Structure formats: structure tokens, C-alpha cells
Amino acid sequence: MSVTHNIAEHSNFLEIRHLKKEYTAGNPILKGIDINITEPGIVAIIGPSGTGKSTLLRCINRLIDPTDGQILFDGADLCLAKGSQLRKLRRQVGMVFQEYNLVERLTVIENVLTGRLGYMSAWNAWRRNFSQADINTAFELLDAVGLTEHAKKRADSLSGGQRQRVGIARAVMQNPRILLADEPTSSLDPKTAVEIMELLERFSAEKNIPALVNIHDVKLASRFAKRMIGMSNGVVVYDGPPENITDDHLKQIYGGESWLV
Amino acid sequence: MNTIDHHWQRFTLRQKLSRYAVYLVLVLAFFQSIQSVEVIPEFLLDAPEQMGDMFSRMWPIDFAYYPVAVHDAMIETLNIATLGTLITLIFAIPLALMNASNIVNSAWCHWISRFFLVSSRSVNSLVWALLFVSIFGPGVIAGVLAIAFRSIGFVGKLLGEAIEEVNMGSIEALKATGASWMSILLKGYWPQVLPAFFSIVLFRWDINVRESAVLGLVGAGGIGVVLDDSMNLFQWDRVAMSLLAIFIIVILAEIVVVNIRKRLI
């Protein structure tokens with residue numbers, strides 16, 4: 001027991017213990033989540049809407065404050081972090097959003113560079129005083145997501161799929177130790193959705209980091225995920241490799257069965 | 001085939017009656033107010049003749065007066081409007097930030113900022129000017145401050161509302177990168193608010209050009225002083241010159257503002 005604990009401590013990327021969140025008292029949306037992320041690669045979190053998947057991801061980087069529990073990351077408890085310590089932890093957590101959440105009026109390259117804001121002073125950010133290394137990285141990332149020729153266009157001139165690529169580049173720009181993606185493919189067509197998942201898979205492999213991806217498309221999830229976490233009603237009901245997930249599990253997660261073809 | 005007659009009316013009987021009652025009250029109020037203003041029929045009938053008389057005194061316009069006094073006063077008016085608008089920003093921007101609920105989440109701050117914004121707006125520029133003339137004496141300073149203080153409420157309120165309308169998704173994303181509060185303000189809020197900001201400030205400057213033209217009537221500098229002097233001396237041809245100058249400058253300001261705004265957005 002103590003041996004496994006030690007191993008876990010060394011290779012742990014993220015450990016969530018008994019995480020609870022109530023928006024209104026006595027009405028928990030997360031009812032004690034335990035997840036231990038020990039390996040790099042895509043971890044797909046599946047479940048119906050309203051079951052707390054988004055809340056779970058936002059608790060990890062504290063865009064939402066959890067009610068109770070622990071989130072152990074980089075030797076600290078994220079639930080207790082405040083001020084500059086919280087910002088230092090946040091910059092190691094890259095996040096990709098369903099609606100991309102770019103700053104629409106800034107150029108594509110500047111949106112990627114905002115991934116470095118956590119590493120620089122507001123004064124330097126205002127003067128656009130990014131280091132040469134950061135600028136090089138940003139252009140390399142844009143190249144990696146295939147948007148080099150769009151670098152100087154305004155973000156609002158891009159299509160949805162292109163914007164999401166910028167969103168991913170911005171998250172990777174943070175040089176994160178973990179990636180979070182909240183329904184990154186939900187607003188996209190099936191082909192673009194696959195390309196976005198491929199990008200997430202590629203970056204998590206290159207950086208050797210885990211990527212927690214909220215996703216409601218079970219097929220897409222099982223195609224890319226090394227591990228699936230099924231959530232229902234604020235609790236984890238399945239945690240394991242995608243091949244082992246059965247129709248019974250899916251019924252338990254989503255309820256009903258008429259949708260299972 | 002049987003059809004069912006569905007019963008539907010936009011308003012219930014009670015709603016209809018209360019609507020008619022409102023119309024009735026409006027009509028009564030109209031006649032009541034006509035009675036109470038006590039229009040003197042002789043003066044009303046006389047008006048066209050008086051107007052004709054005034055226009056005949058205004059013509060021909062005294063163009064020679066332009067280089068003598070109107071030009072410098074006009075420049076002063078523009079300076080008052082521009083300086084006043086710039087000084088407004090020093091107060092309006094912090095108040096707008098305090099008033100925006102997505103930036104400061106404190107009822108206290110909202111009430112304080114709202115107090116200043118409303119007080120600024122509830123006092124007319126002319127009244128502000130009277131106030132500052134009595135403090136600083138007649139002249140440009142009183143005019144500049146009157147313009148500035150009247151504009152704080154306008155710019156602060158509209159800017160605050162523009163800030164509240166930004167896409168919070170982008171803000172959330174910057175927060176997630178570990179950016180500091182100031183960085184989020186500069187790289188998240190500012191780019192999104194920028195078009196509205198310039199739109200509001202230019203619009204206010206446009207209004208201020210017009211307002212500063214009349215401030216001189218109470219001694220706060222600018223073209224109004226020249227206008228007032230000519231009126232008191234019954235030099236209607238010079239009054240006409242001043243009015244024409246104001247008219248032209250207002251049109252020019254409008255053209256400038258429209259063009260800048262087009263380029264910004």
C-alpha cells in the first residue's frame with residue numbers, strides 16, 4: 001500500500017479528492033469526486049449535460065471555487081491557493097473552451113501570445129513586450145496547428161475550427177503541465193471535431209502531459225481516449241479504459257436506452 | 001367537420017378600460033396645460049412680424065467682424081470642448097470601472113460611483129458654469145471645468161455599460177492563463193471596449209462643442225461671450241456672424257466624428 005502511494009506521488013499529474021461543489025447550499029452538483037491522473041494522454045469525461053463536467057474542469061483551475069475537497073497539483077492544494085500562488089498554478093493549467101473564448105478584436109498571433117500573460121507583468125503586456133523566445137514559440141505553435149498564414153488576421157475573421165486551433169495554441173503556449181478542454185468539439189462539424197481531437201492528442205503526447213476532455217460524443221471519446229470517466233448526477237460511475245465501457249454503463253451514465261443504436 | 005371557436009383577446013376588459021382611462025387623462029392634461037401657460041394671443045399673432053424684423057436686422061451678416069473677435073472666440077470654444085472632454089476621462093474611467101458589475105463586485109462601490117455619475121448628470125452645464133464662474137471668476141477655466149463635470153456622468157455611465165457588455169468568455173480564458181487583474185483589464189477588457197470608448201468620447205466631444213458655444217452667456221469663455229455682447233448691444237448683424245460660425249463648426253465637428261468613428265469600428 002505504501003509502495004503504490006509513493007509511486008503515485010512521483011508520477012502524479014493531478015489528484016482530485018472528495019471534490020464537492022454546491023451552487024446553492026444543500027444542492028450539490030459535484031458530490032464527492034475522486035480522480036487520480038497518473039498518466040499522460042487524453043482522459044475523456046463523458047456524461048449528460050448538467051451533470052457537472054464543466055463545473056469539475058472549472059474547479060481544477062479555480063474559475064469556480066469548490067465547496068469542499070482537495071485538488072493536488074504540483075505539490076500544492078489548488079483549493080487553498082490564493083492570489084499570486086493561484087495565478088502561478090493556473091498558468092500551468094492550459095484550458096480550451098467550447099466557445100473558443102478568444103479576444104476577438106486581437107490578431108491571431110496576439111491571442112496565442114496571451115497564453116504567456118501569466119508569466120509577464122501587466123506593463124509588459126500592455127506594451128506588447130513579449131520575449132523573442134515567446135514570439136518564436138507562438139509562431140511555431142501556429143505552424144503546428146496549420147494557421148501560419150492567418151497569424152496577422154483578426155481572430156473574429158476565422159472559422160470555428162480555426163478559432164479552436166488558436167484556442168489550443170494559446171493553451172499550449174502556457175507550457176502547461178496539464179490541459180483541460182471543456183467540450184472543445186461541440187460547436188464544430190464532425191470532421192473538424194476529429195481534427196481538434198487529433199491536435200489535443202498530439203500536444204499531450206509531445207508535451208507528455210494529460211489532457212482532460214469533457215465530451216458528450218461517446219464514439220469520438222473512445223476513439224482518442226486512453227481512459228474514460230463517466231459521470232452521472234455529480235458522481236463518477238465509470239473510470240477505466242474505453243474498451244471496457246458497456247451499454248449498461250452508458251445506460252447508467254445517460255439514462256434510457258433508445259439512443260443506443 | 002367540427003371546428004372549435006377559440007376565444008382570444010389581447011387585453012382583458014379591465015385592461016381595456018384602464019387603457020381608455022389613461023388616454024382620457026392625457027387629453028385632459030393637454031388642455032389643462034394649455035390653460036395654465038396663459039398664452040397671450042397678441043404676442044403669438046405678432047411673432048411672425050417680430051421674426052421678420054429680427055432677420056432684416058441680421059442681414060447683411062457682418063463678415064468683417066469674423067477676424068476681429070469671432071475667430072479667436074471660436075478657437076477658444078473648441079479648446080474648452082476638447083480640454084473639458086479630456087479632463088472628463090480622468091474621472092469617468094475610474095468611475096466607469098467601479099460602476100461595472102463584472103469588474104467590481106461590491107454594492108458599496110456601485111453606489112458611490114452611481115452617486116457621482118448621477119450628480120454630474122443632474123446638473124446642467126450652464127449651472128456648472130455659473131458655479132465655477134463664481135469660484136474661479138469669469139473665463140476659460142470655468143468653461144473647461146463646467147464641460148468636464150457635466151460630461152463625467154455621461155461618459156462614465158455609457159462606458160460602464162459598454163464594459164458590462166464584453167464577452168466574459170474571453171475574460172474567463174485570460175483568467176485561466178494565470179494573468180493578473182491588470183493584465184486582464186488591459187488585454188481582455190480594453191480591446192473589447194475600445195470601439196465603444198472612442199465612440200462615446202467622440203460623441204461627447206461633439207456635444208461639448210455645442211454646449212461650450214453657449215457657456216459664454218454666463219461668462220465662461222468662448223464664442224458665447226461674443227454672442228452675448230453683440231446681443232446686448234443690439235448688433236444683430238454681428239449676432240448673425242457668431243451664429244453662422246457656431247453652425248459651421250458644429251457641422252464640421254459632426255463630419256470629423258463620423259469619419260473617425262467609421263475608421264475605428
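Heads up, the Cβ atoms here are built off N, Cα and C, so glycines get one too.
Under the heading domain 'ABC transmembrane type-1', TrEMBL lists B:74-257. As annotated by TrEMBL, transmembrane segment applies to B:20-37, B:80-104, B:125-149, B:189-205, B:212-227, B:239-260.
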Within-chain partners of the transmembrane segment (B:239-260) [C-beta distance under 8 Å, separation at least 6 from its ends]:
58-59, 61-63, 65-66, 70, 73-74, 77-78, 198, 202-203, 205-206, 209-210, 213, 223, 226-227, 230-231
Any contact between the transmembrane segment (B:189-205) and the transmembrane segment (B:20-37)? By contact I mean 3+ C-beta pairs closer than 8 Å, pairs at least 6 apart along the chain.
no
At an 8 Å Cβ cut-off, counting only pairs 6 or more apart in sequence, do the transmembrane segment (B:80-104) and the transmembrane segment (B:125-149) clear the bar of 3 or more pairs?
yes
Spatial neighbours of the transmembrane segment (B:125-149) far in sequence, C-beta under 8 Å, 6+ residues away:
76, 79-81, 83-85, 87-88, 91, 208, 211-212, 214-222
